Amino acid sequence: MPVELVDEAGRAVGACPVAEAHRDPGKLHRAFSVLLFDTAGRVLLQQRAAVKTRFPLLWANTCCGHPAPGESVEAAAATRLAEELGVAAGLTEVGVFRYRAADTATGRVEHEWDHVLIGTLDTTPHPDPAEVANLRWVRPAEVRAKLAAEPAAYTPWLAEVLEIADAAYRESAGR
């Protein structure tokens with residue numbers, strides 16, 4: 001599957017295979033990270049499956065992925081939610097950030113222009129075991145504490161996704 005390469009301002013500049021984009025030193029490309037909330041304000045974290053080529057078995061946001069070149073992040077994120085968790089949720093883009101992280105265990109690199117989307121979920125997810133090892137609903141404050149205490153158990157992008165998503169959720173919920 002190709003990913004959309006972007007420049008320093010997030011503008012599309014081309015495409016390449018996903019494996020090539022994640023080969024060291026990494027090519028800057030468009031990605032998305034979804035964080036779903038329940039009605040109590042908890043966030044749904046997933047433990048990435050052992051077969052993932054980047055950061056396997058680490059805890060991450062609800063789901064993430066890459067839109068195809070020219071595809072909207074909202075459409076791609078909705079597709080991934082259905083594929084990975086068997087759920088649908090209304091999604092809102094609430095921010096974007098750039099990061100680069102090398103996975104020393106796999107030799108792969110994430111260099112992403114990451115769009116953050118949030119939504120609420122009031123149904124039970126049905127994770128695909130090829131994508132997701134485990135799921136957990138956690139209060140944002142607890143996630144922050146665990147990120148500080150055990151950073152190696154979490155993906156390098158989770159802290160930034162959580163900050164952007166939680167601020168937007170609290171603002172929209174009047175909390």
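Cβ coordinates are placed from backbone N, Cα and C, and glycine is handled just like the others.
Going through H22, H126 against Swiss-Prot, the one listed in the Mn(2+) site together with H29, H66, E110, E112 turns out to be H22.
Taken together, the residues of the domain 'Nudix hydrolase' (27-160) have an average pLDDT of 95.
The Mn(2+) site is set by H22, H29, H66, E110, E112; from the centre of their CB atoms, other residues of the chain with a CB within 8 Å are V3, V18, A21, G26, K27, R30, A31, H111. Counting in whole angstrom, H29 (Mn(2+) binding site) lies 13 from C64 (active site) by their C-alpha atoms. E84 (Mg(2+) binding site) falls within a helix when secondary structure is assigned with DSSP. Look at the Cβ of each of the binding-site residues H29, H66 and count the other Cβ atoms within 10 Å; the largest number goes with H29. Long-range Cβ proximity for H22 (Mn(2+) binding site), meaning a same-chain Cβ under 8 A and a gap of 6 or more residues, is found for T53, R54, R108, V109, E110.
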